[in-house]
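Below is one structure; the comments refer to it alone.
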Amino acid sequence: MTSADLVPPQVTVRVPGKVNLELMVGPPREDGYHPLSTIFHAVSLFDEVTVATADEWGVGVSGPQSLGVPVDESNLALRAARLLAEVGHVAEPVHVSIRKDIPVAGGMAGGSADAAAALVACDRLWSLGLPRTELEHLAAELGSDVPFLLSGGTAMGSGRGEVLAPVLARGSYHWVFALSEGGLSTPAVYAECDRLRGDRPVPPPSPSPEMMTALRSGDARALGEALSNDLQAAAISLMPALGEVLDAGLEFGALGGVVSGSGPTVAFLAEDNEAAIDLAVSLTASGAVQDVRRATGPAHGAHEISAPRPG
Ligand code: ATP
């Protein structure tokens with residue numbers, strides 16, 4: 001048996017969504033990008049990306065959150081597969097199948113997650129064995145959130161979010177996500193943030209001591225109080241109902257609540273599993289939210305779940 005015989009004909013990779021526990025946004029740079037300081041936290045809402053050798057390049061999407069995901073060349077997972085093929089000098093096309101459970105355009109980096117998963121899956125399918133640093137480099141080319149979704153866990157992001165550094169984070173946390181009908185465009189939310197700030201001077205973004213202390217302690221209550229997002233006011237300005245969702249979650253006992261990334265998903269931290277169930281039930285019954293999902297964090301980054309082909 002040669003090593004090629006051990007390569008599975010298709011590879012499936014599971015990848016989590018993320019919430020930004022803290023998102024500090026600086027004034028726009030000359031290239032238009034906003035410098036960030038953020039704490040990424042991967043949560044157990046997963047997409048599954050399967051790549052299989054095919055006659056031509058293609059992508060298909062299924063699952064509860066498939067609405068609104070492009071199935072053309074703009075799909076980030078397909079772009080990731082093509083980029084890796086180019087770098088790895090691979091001529092054979094793949095079909096990418098995405099089972100989508102991460103809300104689309106929800107501020108949970110679902111597209112970036114699929115791109116990270118496609119990189120890992122194709123690297124395995126084609127037996128490229130690219131070094132981790134090389135995968136991270138390609139991930140950053142595809143989008144600022146993509147490198148984090150490779151690693152998962154809890155990490156600090158700077159630059160545009162693509163420069164990652166480890167943080168000392170203890171504990172595991174119970175989350176309730178309030179989903180909204182329709183998404184928010186990330187560029188539109190940044191533009192609204194700039195508009196609301198006007199000429200006000202904005203300091204360079206840096207992690208807050210409150211967040212660092214909360215993560216070190218593993219204390220959910222402290223973390224709940226430290227959650228913050230500079231884009232929250234802009235997301236609420238574009239979608240005022242989000243303010244009511246936040247109020248409802250806090251009223252129903254959440255330890256803290258924050259708009260996830262550029263929204264419109266709202267993340268609530270609960271004391272424990274039971275409190276998360278209660279919160280999810282209350283939010284649903286209130287009619288204030290379109291849909292709720294529970295998850296825990298931190299979750300692992302993109303990882304293979306396909307069983308290797310029997311030798
Ligand atoms: P972020 O938090 O990184 O700003 P988001 O969670 O708000 O992102 P995504 O779910 O990543 O948003 O989707 C943003 C847009 O990207 C979608 O509206 C869609 O048009 C496009 N897109 C391309 N590929 C994908 C994919 N595989 N899954 C979801 N959206 C995709």
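Please read every residue number as a count from 1 along the shown chain.
Cβ atoms are placed via backbone N, Cα and C, with glycine included.
Look at Lys18 (active site): DSSP puts it in a strand. Same-chain residues at least 6 positions away in sequence with a Cβ under 8 Å from that of Lys18 (active site) are, in sequence order, Phe40, His41, Ala42, Val43, Met108, Ala109, Ala113, Asp145, Phe148, Leu149, Ser260, Gly261. Sequence annotations record features per position, and here TrEMBL assigns active site to Lys18 (among others).
The active site feature in TrEMBL is assigned to Asp145 (among others). The DSSP secondary structure for Asp145 (active site) is coil.
According to DSSP, Pro103 (ATP binding site) is assigned to coil rather than to any helix or strand. Applying an 8 A CB threshold to same-chain residues 6+ apart, the list for Pro103 (ATP binding site) reads Gly17, Leu45, Gln65, Gly110, Phe177, Leu179, Gly183, Thr265, Arg293. The feature ATP binding site is assigned by TrEMBL to Pro103, Val104, Ala105, Gly106, Gly107, Met108, Ala109, Gly110, Gly111, Ser112, Ala113.
TrEMBL lists 75-153 with the feature domain 'GHMP kinase N-terminal'.
Taken from TrEMBL, the feature domain 'GHMP kinase C-terminal' applies to 211-285.
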Chain-mates of Pro103, Val104, Ala105, Gly106, Gly107, Met108, Ala109, Gly110, Gly111, Ser112, Ala113 with C-beta within 8 Å of site centroid, ATP: Gly17, Ile102, Gly261
Overall pLDDT for the domain 'GHMP kinase N-terminal' (75-153), taken as the rounded mean: 97
Where the C-beta lies under 6 angstroms from ligand 1, the matching recorded positions among Pro103, Ala105, Gly107, Ala109, Gly111, Asp145: Ala105, Gly107, Ala109, Gly111, Asp145
